[in-house]
Amino acid sequence: MSEEQTAIDSPPSTVEGSVETVTTIDSPSTTASTIAATAEEHPQLEKKPTPLPSLKDLPSLGSNAAFANVKVSWGPNMKPAVSNSPSPSPSAPSLTTGLGAKRMRSKNIQEAFTLDLQSQLSITKPELSRIVQSVKKNHDVSVESTLSKNARTFLVSGVAANVHEAKRELVKKLTKPINAVIEVPSKCKASIIGSGGRTIREISDAYEVKINVSKEVNENSYDEDMDDTTSNVSLFGDFESVNLAKAKILAIVKEETKNATIKLVVEDEKYLPYIDVSEFASDEGDEEVKVQFYKKSGDIVILGPREKAKATKTSIQDYLKKLASNLDEEKVKIPSKFQFLIDAEELKEKYNVIVTFPSTPDDELVSFVGLRDKVGEAITYARSSSKSYVVESLDISKAHSKNLTHAKNLIMYFTKYSVLKGLEESHPNVKISLPSIQSLPTAETVTIHISAKSDEANDIKAVRKELISFVNNIPPSETLVITDLDYELFGGSIKHCLLASESSVAFVQFGDYYPNDNSILLVALTEDEDFKPSIEEIQASLNKANESLNSLRTKQNNMETKTYEFSEEVQDSLFKPSSATWKLIMEDISEQEGHLQIKLHTPEENQLTVRGDEKAAKAANKIFESILNSPSSKSKMTVNIPANSVARLIGNKGSNLQQIREKFACQIDIPNEENNNASKDKTVEVTLTGLEYNLTHAKKYLAAEAKKWADIITKELIVPVKFHGSLIGPHGTYRNRLQEKYNVFINFPRDNEIVTIRGPSRGVNKAHEELKALLDFEMENGHKMVINVPAEHVPRIIGKNGDNINDIRAEYGVEMDFLQKSTDPKAQETGEVELEITGSRQNIKDAAKRVESIVAEASDFVTEVLKIDHKYHKSIVGSGGHILREIISKAGGEEIRNKSVDIPNADSENKDITVQGPQKFVKKVVEEINKIVKDAENSVTKTIDIPAERKGALIGPGGIVRRQLESEFNINLFVPNKDDPSGKITITGAPENVEKAEKKILNEIIRENFDREVDVPASIYEYVSERGAFIQKLRMDLSVNVRFGNTSKKANKLARAPIEIPLEKVCGSTEGENAEKTKFTIEEVGAPTSSEEGDITMRLTYEPIDLSSILSDGEEKEVTKDTSNDSAKKEEALDTAVKLIKERIAKAPSATYAGYVWGADTRRFNMIVGPGGSNIKKIREAADVIINVPRKSDKVNDVVYIRGTKAGVEKAGEMVLKSLRR
């Protein structure tokens, strides 16, 4: 040969010990020009070729120092797995040619491999020669071979692809086929086979290898890390093709199992509160390992790349072992009555120690679990803290004549309804511990424990007192115990009936706590009523609740009862809850939707009692009679199923058959497969052996299942791969919904467009329709458009918390995704970000327009900063910000979302006012601000003197008057606080505006605007005003309003002063023969007086109601007013009002008597008032008295108070009594 051979560094591969291969390539140091030049210098080398090239056959290429000696890398005596590639010396000169040609790498390679004689087919030398010549011709390669004692070595030269194919053909034709078996995870079998067997066919056809994937699972092959078993895949063919196919299959397995989900279960619950797995989750981008801990179930789930997940599992197991060694549990014996003193929450927070109290009343061992050094500290702290408590016991079984049963009932009532919760909340420092309901049946006393810290012992007495009151207020007569309804039959129905009356009668079903207890406790609720009902009323409410259960009693009385003879052994075997027969019986009875009770070993050990309503009892009797008539467990029954359904009936390794056997507790015999081969299209007779009742159900089940199996079909739908994700849905939502809805299996292949749907024909067709409709929708709405948006405006498109982009998505029904971040190099370079919009064509266009409008709006966004002196800021903002709001409104800011006017706080040194928004808006706002500043620069400030008591009128309710003045006259009005009497009121603004504002303030707002003024001594004001009724009379009769100036507060206080009523004297008797309905009492009390000094100023103003604007027929008419007539009416009304006030003042000294009318029925007091107050007005005018009818909410609400002269009081009293008697 004329080219130097260099061996590759990697060792040759060996397959089944029969082939050894060495692959060589042309040296890169040898060029075509070098070889040509050398050939001219040494022509003799071409004339004497040697069959086996060696180093001496190669031409000399420059200095000999450039290369080391190289052994022959092939031939009969070659030794495999040794690489002899020479490396040039560092001092070697580079090889050059006189032509200066560029060096080139040859595409040719050489590959040597060895075949053991044992693995070769027995062929003659001519046959071998014929095969070699055929390979050389078919693949355009050079093939040479040598034979040694135990092997034959081949050297194949040529283009790389051709060499590999030539080698495959040589190995295939010269060697015996082999059978290789590899184990693969069972979950990977579907991927290896592919949709419709497509993947496995491709591998088999490509490498001409027969591949068989076993349906069975290898025994003892479960791997808990993979959560899977393994199955065998066998490959038959020549060893080279088998290895290539094996590599392809293992690549699929590697891809399918690259990620793992590993579950660790923490068996011991006491470790759960202390486990923290956050440190085990790695953060390596796509290679992240996620660890989740489910505290309730105790499961630790690890998700991530398989090897990393396994390593994480090992780390967590080590962590759990270390945690287990550090945790300790100590049990301390603590009497039950003191266990409640241990604050488990406090110990958990302070020492991280979990306290578990015993579940049974007899158990006094309390468990403390935590870190070894903390458990002892926690127990010590619990002991010391409990010593600081004082505990008192209250034995409520001593109440109500030592009625122990009633005391137990009260505890059940208190527990269910948390009756004592309000008491605990009102005394937060006191703990109340009720005995557990489980301990009540055997308890000889019922003791409630009350505890508190020593320094709060007084609270215990208060709580004890209230507890005694609670117990005493619920005597046995206010409860009722019902025992005639069966809880097992009607427990749910009883609860439903009693819930309707729970607001008045509480109830406790003992069956909720104790098995086979039919007792129901009813408790009458009387706490919410003002007066406790009589015992008759309480009994009536209890009986009403009891009677609501009569419909259930009727059902119970109408129930049929029947007893069957079954031996004790048969009942324990056939009818125990876990038996297959019992489950079938319960299924049959539940279909009847009735009430049924089955009691085993009742009334005798060898008897069974059935009780229920007609429908359910009839079904149960039929079942038990059939079992009695055919009690043998050796009964036989046959069922015919299609032959093609037998495999499904049996299932994988008989799993389905075993499940059916267990479900119906019967033996199922299927004829051998050999007997069925000739009748694949016919049915197979399956024999069932067992209890006849079970066999009837099994036969029905098998017939239905066989029909379902025979109806299984597969349908295909072509779905472009890009739509797979949309049809599968997030986390498989859509696919899972269809699979569950139609009981089908839907397979989406990874790299294929054909989606398969398999299952019952009806379900497959329905699922196919829905999937096709969804695909059509996705294809219609799957159009995409990419638009470029400026990176600086991306936040504006997204909006706060994504509001803007979510609104666009919802409005136009599109998906929007930014393909880059604003910080990406490409985005920073171009200044734009790509936004992808997915949806229908029209919706995409509309959404794109919306985005463009946002970008345009953002582009129009400007910022302008004004430097304004602080003294003008208040003028710009205005009182309550009303001026600033007006500025924004005038500039059109109400319809603009992205705008702002930022004015510094009063205490800030910053003078900058920042205006942001569209150019037009900013321009208008700036103009308005500059205008205000200009006006403020030309403004004047004027001080006005206003009495301190009138400052409030200038401000108005909530500052409304001041704001109106500032807005109306464009001024700034300063009113000092009430606490600053020396403060001056100032008006700042344009001179003409200040003058107008001052005029309005002085002439309209603070002017004392009244017509007459009368001073009434405060001591008799209550009588003069008739507690406000006289003021109302002036307003209604004379159109005269009364105001009180600075004495308003005092006047209101006197008019509403509480009335002192001597209840002992005036109240009548309500009991016995002397019971009264009304009582009238009169006494002399002296002239009206009050401790208040000074006068009450009554300022009278004539304010008639103007009815001129109320026109008839909806037409406006001019009404000519007679000014002189109105003035005369005004004077007359004012004179009359003043006269009436003075008369009341003159009569006050003679109003020395008070009258009290008591009424047993306060509901009749409205008869005194009359419609619209007409009757009471009539009494006041006729008797000239003060009369006060109490409200229901008054402290004393059953006495009418009268004040006046003796004659007036007597007359008024008679009129009141007359009104009550009507």
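Backbone N, Cα and C define each Cβ position, glycine as well.
Swiss-Prot lists 1-12 with the feature compositional bias 'Polar residues'.
According to Swiss-Prot, the feature phosphothreonine maps to THR50, an assignment based on a large-scale study or a structure entry.
Summarising the annotation, Swiss-Prot assigns phosphoserine to SER54 (among others).
Sequence annotations record features per position, and here Swiss-Prot assigns phosphoserine to SER63 (among others) based on a large-scale study or a structure entry.
The annotation phosphoserine is assigned in Swiss-Prot to SER85 (among others) on the grounds of a large-scale study or a structure entry.
Annotation comment: Swiss-Prot describes SER87 (among others) as phosphoserine, evidence class a large-scale study or a structure entry.
Annotated phosphoserine per Swiss-Prot: SER89 (among others), in sequence order.
Residues annotated as domain 'KH 1' in Swiss-Prot, with sequence analysis given as evidence: 177-249. Over the domain 'KH 1' (177-249), the average per-residue pLDDT in this prediction is 84.
Annotation source Swiss-Prot lists phosphoserine at SER630 (among others), citing a large-scale study or a structure entry. DSSP assigns SER630 (phosphoserine) to coil in the three-state reduction, outside any helix or strand. Other Cβ atoms within 10 Å of the Cβ of SER630 (phosphoserine), summed over all protein chains shown, number 14.
As annotated by Swiss-Prot, domain 'KH 2' applies to 634-702.
Positions annotated as domain 'KH 3' by Swiss-Prot: 712-771.
What Swiss-Prot records for 782-851 is domain 'KH 4', and it gives sequence analysis as the kind of evidence.
According to Swiss-Prot, the domain 'KH 5' annotation covers 861-929.
Residues annotated as domain 'KH 6' in Swiss-Prot, with sequence analysis given as evidence: 939-1001.
Positions annotated as phosphoserine by Swiss-Prot: SER1112 (among others).
Annotation comment: Swiss-Prot describes 1153-1216 as domain 'KH 7', evidence class sequence analysis.
The stretch in closest packing with the domain 'KH 2' (634-702), judged by the count of Cβ pairs under 8 Å and taken from 177-249, 712-771, 939-1001, is 177-249. Counting Cβ pairs closer than 8 Å and at least 6 residues apart in sequence, the domain 'KH 3' (712-771) and the domain 'KH 6' (939-1001) reach fewer than three and form no contact. Broken down with DSSP, the domain 'KH 7' (1153-1216) shows 32 helix, 16 strand, 16 coil.
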